[in-house]
Amino acid sequence: MDSNNMHSPVFLVLPPEVTSQEYQATGLTATAYDSQKRVQKILIRKLKILGTAQILFGIMNFSFGVVFLFTLVNPYPRFPFIFISGYPFWGSALFINSGAFLIALKRKTTNTLIKMSQVMNLLSALGAAAGIILLIFGFLLDEEFICGYSPDAIQCGPITVLFLGILVMLMIFSIAELLISLFSSFLGYTKNFAEGCC
């Protein structure tokens, strides 16, 4: 690099290799900005984030199911309805699988993987919708679950708050999972439609 190029104002914008004589003789060439690739990268990054959120929601649902596993102690003669339905376990399996497919799309995007991810997200959305319905039934059927069986009224209040808090958290996770699954499925569908594959 000679001292002439070093103090040139062009050096501030372009490195000396670009301002050398061979590049200046060929003239200016421009490359078209490919906005579709940029949008695809952003969508794939968002899908990875949504997949991670789905996996975390699945793990949390499973852990609340494990908490319900320990509710069969005296004086409670049965498990809560939501545990009997098995929703914390099969719902978490659906959520974790659909999240794993979304993360796999980041690594390798193929038409088959896109289709599998769409199917898993639709199943996850159906599972979340069924979970919301089961949780509503759980609120109605288990309204007196704790206090109805407890002879000791002192522990009734805090345990009921804990039980209802778990049901509310499961409801929030289910609604969020429903929205994420529908969005991811719709996003994959529009991505396929935009690329021209079926």
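Cβ atoms are placed via backbone N, Cα and C, with glycine included.
What TrEMBL says about a protein is an automatic prediction, not a curated fact.
Annotation source TrEMBL lists transmembrane segment at 47-73 (among others). For the transmembrane segment (47-73), same-chain residues at least 6 beyond its ends with a Cβ under 8 Å from one of its own Cβ atoms are 79-80, 82-83, 87-89, 91-96, 98-103, 105-106, 124, 166, 169-170, 173-174, 176-177, 180-181, 183-184, 187-188.
Positions annotated as transmembrane segment by TrEMBL: 79-102 (among others). Distant neighbours of the transmembrane segment (79-102): 47-48, 50-59, 61-62, 64-66, 68-69, 71-72, 113, 116-117, 120-121, 123-124, 127-128, 130-131, 134-135, 137-138, 141-142, 145, 163, 167, 170, 174, 177, 181, 184; these residues of the same chain sit at least 6 beyond its ends, with a Cβ under 8 Å from one of its Cβ atoms.
If you look up TrEMBL, you'll see 122-141 (among others) marked as transmembrane segment.
Same-chain neighbours of the transmembrane segment (161-183): 50, 53-54, 57-58, 60-61, 64, 67-68, 80, 82, 87-88, 91, 95, 98, 121-122, 124-125, 128-129, 131-132, 135, 138-139, 142, 145-146, counting only residues six or more beyond its ends whose CB sits under 8 Å from a CB of the stretch. Residues annotated as transmembrane segment in TrEMBL: 161-183 (among others).
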